[in-house]
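To start, the structure itself, in structure tokens.
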DNA sequence: ATGACCCCCGCAGGGGGA
């Protein structure tokens, strides 16, 4: 099974790029963030023609998430329970006996201290969601743009200042609290060391200098983690004409193990 | 140099992003 997450930075600007990528990569699921359109403006027909069903939570101008799924699925929630902000930042589906949460965390650098507090509130609600799914023994993945560099290796030297909301100790501690529940960071499970950036700012030629960040992540519940086969950012997409500033992050899982009881 | 990129709305330039 092939799962991907991609902050596309406007699905309407990136439609042809995403369709080409889907045709080439053939994922079973693509979780997109920052679609930047209202739900009824989402180019649903184009994705359906490509063989995908769509779970869309949009809003005007900003934010917005959409999950593309091949085959049967249902939407389990169109918002993150326990997070009161109305921004379109979470959609969750059930497919192939697993729950897939698609999330776009607040950046936390705008809106002053309240803006940063909202980021931590989202992380608290996400942690509660993970705890609930673990208690139910549901297999699940939580994927998307976390807007957190979990460790120093995930931020290129000089890319961000020490006070930036993406690297602040409280942001990193909140990310670790998710892991401590028993979740697995798919990228680091297979690539414990080294840079694995998923984002390069449009400004200051950061792509040419490989001055990037790892901020797009997929966390796996225990049984899914046992099936983990590969986890790779698709750097090719950053070199395309008119790219998103984020690249797709692709995770493949082995088929569920046959019962050997 | 109040620079520099890109997208949004909507028609000028301000907000947001990371």
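Each residue's number is its place along the chain shown, starting with 1.
Yeah, the Cβs are placed from backbone N, Cα and C, and that goes for glycine too.
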Same Mg(2+) site per TrEMBL - residue from A:7, A:124, A:236 joining A:34, A:145, A:147, A:245, A:246:
A:7
What does DSSP assign residue A:7 (Mg(2+) binding site), in three states?
strand
Could you measure between residue A:104 (active site) and residue A:147 (Mg(2+) binding site) for me? Cα positions, answer in whole angstrom.
8
Secondary structure at residue A:104 (active site) (DSSP, helix/strand/coil)?
strand
Do you know offhand how many angstrom separate residue A:145 (Mg(2+) binding site) and residue A:216 (site 'Important for catalytic activity') by C-alpha?
4
